[in-house]
């Protein structure tokens with residue numbers, strides 16, 4: 001382990017001058033252990049956030065088994081991080097939660113045509129229902145991240161999921177008990193956007209506080225792949241439910257599964273105090289003093305902070321643009337193509353690619369590579385290499401090549417989860433949720449602009465390549481800024497106090 005070797009070399013140079021001459025060649029007296037010389041099986045100071053650097057204690061015997069030592073260090077240091085088992089359980093749980101989040105989000109687009117026929121909505125009215133979600137989604141990113149930093153991301157994720165899951169489940173009922181379903185359904189979608197907007201900032205905050213640096217990339221990329229998994233699940237199961245039982249069953253399916261997930265999370269993983277947000281918690285969130293304002297100003301003067309915000313803004317906006325226009329691109333350029341192919345195949349490639357990026361990133365850091373170098377490498381793949389395949393997609397006339405280029409481009413974009421998404425947690429773990437929320441809000445708003453601008457370019461030039469070129473330019477601009485200014489060292493230690 002690189003950290004263990006480095007600390008051991010330091011100890012040898014100092015020669016442990018205060019030790020007795022009768023010490024053994026290892027530099028340890030009988031029955032005594034010093035923090036710089038912990039066994040390789042014990043977690044080092046770097047992996048515990050530097051909290052065990054000064055630990056010394058008398059052990060009952062000269063030989064101590066690793067499990068006993070780990071337990072004593074954990075109790076002494078009050079280690080805030082999840083254990084390996086806890087981390088895996090939470091990763092699977094949050095992966096399922098993110099999958100259900102996208103299932104609920106996609107329920108309206110899947111059912112829009114059927115609902116329009118039943119309620120007599122025209123295209124403009126259907127568009128109002130669909131767009132209402134994104135207006136709500138943009139408004140709570142920063143607030144959700146800040147609240148998560150103060151009271152805990154697990155609380156915010158749990159309570160928001162229960163609420164948007166209930167909204168999804170009751171949507172069919174609300175649509176039929178009113179004479180103005182258009183207004184009420186649009187309002188429910190707006191509220192769902194408000195509640196789902198806190199999810200990813202809360203994840204960033206939670207991971208920065210509970211996941212060790214060497215495991216964050218895998219955790220983030222795996223949980224992030226839930227978005228592709230949810231799109232696939234709803235595209236398959238949702239389409240079948242719509243055909244067999246009608247559009248109401250799609251909302252029931254996503255809503256009740258989410259409520260069941262929330263019940264499991266509350267019962268098996270959360271403590272009682274982690275299930276509620278008290279008035280005192282809200283007071284912590286909204287208490288702002290002149291000193292706090294000055295601290296935030298110092299933080300936003302740091303170039304690594306702006307590097308990660310601008311990079312995330314570019315990634316989010318371009319992904320939103322590709323997601324919006326890709327189906328239309330295939331339908332218009334390849335009229336004979338089957339929708340299930342280009343709507344499913346790219347996402348099948350994206351899921352394993354996202355998990356692979358996390359494993360690769362954590363493996364490189366464990367082997368001793370600098371964290372910032374690994375983060376930049378992931379962004380070169382996620383923004384640079386993916387742009388190269390986007391360029392190929394823009395200029396191919398073969399349907400099979402187009403599907404292949406789109407699949408590879410979307411798969412490579414998942415490497416962003418192991419780059420900027422984790423880098424937010426590297427540089428500012430005390431306020432990672434707030435910063436990620438700010439960047440994601442900007443990305444969503446810029447995404448709306450890019451979607452409109454792309455449509456304008458396609459209309460005026462008569463070519464789809466103009467849209468892909470716009471995406472490539474924005475991606476490369478964000479990549480250049482990140483490569484130039486990104487760091488991995490904490491920049492919040494002197495500014496934000498938690």
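Using N, Cα and C of the backbone, Cβ positions are placed for all residues, glycine too.
Annotated by TrEMBL as transmembrane segment, the relevant range among 187-208, 275-296 is 187-208. As stated in TrEMBL, the feature transmembrane segment covers range 345-365 out of the listed 135-155, 345-365. Residues 1-44 are the range that TrEMBL records as region 'Disordered', among 1-44, 45-88. Distant neighbours of the transmembrane segment (156-175): 94, 97, 100-101, 104, 107, 115, 119, 144, 147-148, 181, 184-185, 188, 191-192, 195-196, 198-199, 202-203, 205-206, 247-248, 251-252, 254-259, 261-262, 265-266, 270, 274-277; these residues of the same chain sit at least 6 beyond its ends, with a Cβ under 8 Å from one of its Cβ atoms. Looking only at the domain 'Major facilitator superfamily (MFS) profile' (90-490), the predicted model's pLDDT averages out at 90. The transmembrane segment (377-396) makes no contact with the transmembrane segment (229-245), as judged by fewer than three Cβ pairs under 8 Å among residues 6 or more apart in sequence.
Counting only same-chain residues 6+ beyond the ends of the transmembrane segment (251-270), those with a CB under 8 A from a CB of the stretch are 89-90, 93, 96-97, 100-101, 103-104, 107, 111, 154, 158, 161-162, 164-172, 234, 237-238, 241.
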